[in-house]
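Pulled from TrEMBL, these are the features on record:
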type	residues	note
DOMAIN	37-503	domain 'Major facilitator superfamily (MFS) profile'
TRANSMEM	33-55	transmembrane segment
TRANSMEM	75-96	transmembrane segment
TRANSMEM	103-121	transmembrane segment
TRANSMEM	127-148	transmembrane segment
TRANSMEM	160-180	transmembrane segment
TRANSMEM	192-210	transmembrane segment
TRANSMEM	311-339	transmembrane segment
TRANSMEM	359-377	transmembrane segment
TRANSMEM	389-409	transmembrane segment
TRANSMEM	415-436	transmembrane segment
TRANSMEM	448-467	transmembrane segment
TRANSMEM	479-497	transmembrane segment
Amino acid sequence: MYASREDIGYDFGDDSKVGSKPIKPNPNIDGGWAWMIVLSSFLVHILIMGSQMALGILNVEWLEEFNQSRGLTAWVSSLSMGITLIVGPFIGLFISMCGCRKTAIIGGILNALGWILSAYASNVHYLFLTFGVTAGVGSGMVYLPAVVMVGQYFQKRRALAQGLSTTGTGFGAFLMTALLKYLCIEFGWRNAMFIQGAISLNLCVCGALMRPLAPKDVVSEKYIVRSNSEENQAKVLSHSAETIKSNGVLSEEPEKKEETANEEVLDSVQHIEIGGKSRSGRNMYGLRILKTVSQLTVTVRKGFAMWYSSYFGAASLFTNRVFVAFIIWALFAYSSFVIPFIHLPEIVKQYNLSSQNNIFPLTSIIAIVHIFGKVILGIISDLPCISTWNVFLMANFTLVTCILTLPLMQTYVSLAVVCALIGFSSGYFSLMPVVTEDLVGTKHLANAYGIIICANGISALFGPPFAGWIYDITHKYDFSFYISGLLYMVGIIFLLIQPCIQKKQSREKSTEEAQV
């Protein structure tokens, strides 16, 4: 049902070249500087996702400071977490124009600015703008490049690399919770946010570590030799990639012509600049500005053309039906992971298990096992005889089963077992970039994964409030888990149906071509 990532072209170019031109591999692919990229992404997950997991500490301080309703105050954290993911498609535009390194550095500055400005908040609505929007957008500008760069630097051990980098979320949840709690006690929440803003400037350092690969190294991905053990698998997702290719992904001929024309303009400006050395310094300064503006215009036009084509052109990613099913799945999946974090404390109180939960909180069990789940699932997915897609689906089935059965557990031990399974199975988050890259290729990973995390952001933004609304109506959390679990199951069904349809269409097309 699934074609391995080696079977799926990393570039939607001529796949006939795959395996026919072996080249000397770059030492930084799957090694060397690639592990610095993993370290950079790991620190990004600590500083961004870890901090967002610890916002409950600040939420208590905001409730006491501003005396607003719990629902209104909770929107500050929801906005920050949601916007971090929702802005993904637009961050893809920045990456297309500026690259991952510059985008991450700008995002680090913006995130730190949001934390620092929030220290001077006079009301909750002020926090909506400074922390929810400003810090949220900055977080998104760092988070997406951190994921994309790991995908670019790793081929053979991509799932393991993503798993190691994303474990920063779990470590960050522990570290940032302890740090923010200490800072709030010692210095107050305002100074704590100011100090956290200074710490967030380290995101700029993480961005600086995101050294881009040379163009020849990126292009050379299409010449990776396929492993013989995987050539017997079905070509379903490969056919999905071909769907985009057949619709004309960024036609190379017009692009080359445009680049040639742009180069001629720049050469003419340079020629005028050289010929004008005898002129006044003012004219030379003007020519240099003109040349800089021309280069910037070329970069922006090229980046915007690639971004626009991916979303709205004939080569739209939405022509890939399996990818569309993946988006539908993402709309329902993330809330099923967030809801237990939000509502488990209340469930524990209802079952009179607070004393046991205080010794070892159920949410901590999820967080700890989640770390190991990401690494172990990444290692399993990288095995040559294992399909990443199948591991991804099995983890999803396990998680949705746990969500549906959790309300039935009424003892601490049974809840702890279910929470451990939730933490382990939710480790599939580290496989999401790998599956996305298999569907669309490395060239379109930034834009495609931006769409996926945008869908996750919508789920994270509206999922917990929806669960709270269900509780207000029924006065039980059971229905919140049942409804979110059923919606999650619908998303999984879409993932199962679309590859089958693609496989059937591929067979029918092959039959028609054979008859002709």
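Note: Cβ is positioned from N, Cα and C throughout, glycine not excepted.
These figures come from a predicted structure and were not determined experimentally.
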Check: Would the transmembrane segment (479-497) count as touching the transmembrane segment (389-409), i.e. at least 3 C-beta pairs under 8 angstroms with sequence separation of 6+?
Finding: yes
- Query: Any chance the transmembrane segment (359-377) and the transmembrane segment (75-96) are in contact, meaning at least three CB pairs closer than 8 A with a sequence separation of 6+?
  - Reply: no
Outside the transmembrane segment (160-180), at least 6 residues beyond either end, the same-chain residues with a Cβ under 8 Å of its Cβ set are 34, 38, 41-51, 53-54, 56-58, 146-147, 150-151, 153-154, 192, 196, 367-368, 370-371, 374-379, 381-382, 427, 429-431, 433-434
Region pair the transmembrane segment (192-210) / the transmembrane segment (127-148), three or more CB pairs under 8 Å | yes
Over the domain 'Major facilitator superfamily (MFS) profile' (37-503) the mean pLDDT stands at 77
- prompt: At least three Cβ pairs under 8 Å linking the transmembrane segment (75-96) and the transmembrane segment (127-148), pairs spaced 6 or more in sequence?
  reply: yes
